[in-house]
Amino acid sequence: MELTELLLVVMLLLTARLTLSSPAPPACDLRVLSKLLRDSHVLHSRLSQCPEVHPLPTPVLLPAVDFSLGEWKTQMEETKAQDILGAVTLLLEGVMAARGQLGPTCLSSLLGQLSGQVRLLLGALQSLLGTQLPPQGRTTAHKDPNAIFLSFQHLLRGKVRFLMLVGGSTLCVRRAPPTTAVPSRTSLVLTLNELPNRTSGLLETNFTASARTTGSGLLKWQQGFRAKIPGLLNQTSRSLDQIPGYLNRIHELLNGTRGLFPGPSRRTLGAPDISSGTSDTGSLPPNLQPGYSPSPTHPPTGQYTLFPLPPTLPTPVVQLHPLLPDPSAPTPTPTSPLLNTSYTHSQNLSQEG
């Protein structure tokens, strides 16, 4: 949704800029005239690279581009405009007439490019001076192709340039469209209705509230987006805070404190496996010998305790009786479950023998 809102705001800004701006005619920009003059020089220089340039079979009529500056200043603006429009129109007709006399040659290609530049100049002047029918001016006949390119250059440097430098500012202000004032409060819905029908439905659905200006709407959107950033950061921090809890659970499961394992195995403590039925206590390691009391503070070498051991209590020393007692000896009285079990087992063996 944020991307859609951003695109709509950009569209509104572009629409407002196109509506409020008053584009001046191309002729009011002197860079256009400078570019046309540079391009005409480039075309004229390429003419010398053509292999064969012959005079035209039939002379063409070209406008008279020479003028007197003093006489030019005394003329009215309308007379100057009609004179320039007539000269450019005659030049375009002369270029097309000269090209029609040639076949597909290098000169014909250059004349085609020159006609495009003349059309561009004529369109720019008509947007500034109007499209009234210009009167016929003075003309001269020429057969030399170089005269066509030179006429265009002299026209740009002379009459057109002086027209724009002297009275161009007045003409540009007169021909510029009036600017429309922007109301202090503009509804976004009303502005969006002026857009094409494809986007009007989407814009009316997404935006039902009005804003004062398009700039304030963009500012509110940025503030709303910034307000969402702390919430995203809080969610991330909460997720990070849950990680230690999962680690503690895993640690407890591995240590066997959840009831999954009764305790550390003999392999964990380093004790070897003892097969069932083996009663040789001499082969047992020291930590499994009867009467061995491990130190809670100093475990044996190579062994580690996972949890602190409780305080050691005095362990009674248990003496094992032989499996086959002497029948003449008095029967001992068992004092513990372990002695009782060994005594019963010895009696069973003696009866079987």
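Here the Cβ of each residue, glycine as well, is placed from N, Cα and C on the backbone.
Going by Swiss-Prot, these are the annotated features:
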- 275-304: compositional bias 'Polar residues' (COMPBIAS)
- 343-353: compositional bias 'Polar residues' (COMPBIAS)
- CYS28-CYS172: disulfide bond (DISULFID)
- CYS50-CYS106: disulfide bond (DISULFID)
- SER22: O-linked glycosylation site (CARBOHYD)
- THR58: O-linked glycosylation site (CARBOHYD)
- THR131: O-linked glycosylation site (CARBOHYD)
- SER184: O-linked glycosylation site (CARBOHYD)
- ASN197: N-linked glycosylation site (CARBOHYD)
- ASN206: N-linked glycosylation site (CARBOHYD)
- THR213: O-linked glycosylation site (CARBOHYD)
- ASN234: N-linked glycosylation site (CARBOHYD)
- ASN255: N-linked glycosylation site (CARBOHYD)
- SER265: O-linked glycosylation site (CARBOHYD)
- ASN340: N-linked glycosylation site (CARBOHYD)
- ASN348: N-linked glycosylation site (CARBOHYD)
- 1-21: signal peptide (SIGNAL)
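The two recorded residues CYS172 (disulfide bond) and CYS106 (disulfide bond) have their Cα atoms spaced 39 Å from each other. For CYS106 (disulfide bond), the same-chain residues lying six or more positions away in sequence with a CB closer than 8 A to its CB are GLN49, CYS50, PRO51, VAL53. Comparing Cβ neighbour counts within 10 Å across the disulfide-bonded residues CYS28, CYS50, the minimum falls on CYS50. Annotated pair CYS28 (disulfide bond) and THR58 (O-linked glycosylation site), C-alpha to C-alpha distance, rounded: 37 Å. The 10 Å shell around the Cβ of CYS172 (disulfide bond) contains 16 further Cβ atoms across the protein chains shown. Look at THR58 (O-linked glycosylation site): DSSP puts it in coil. DSSP classifies CYS172 (disulfide bond) as helix under the three-state reduction.
All protein chains shown were included, and the count of other CB atoms within 10 Å of the CB of THR58 (O-linked glycosylation site) stands at 11.
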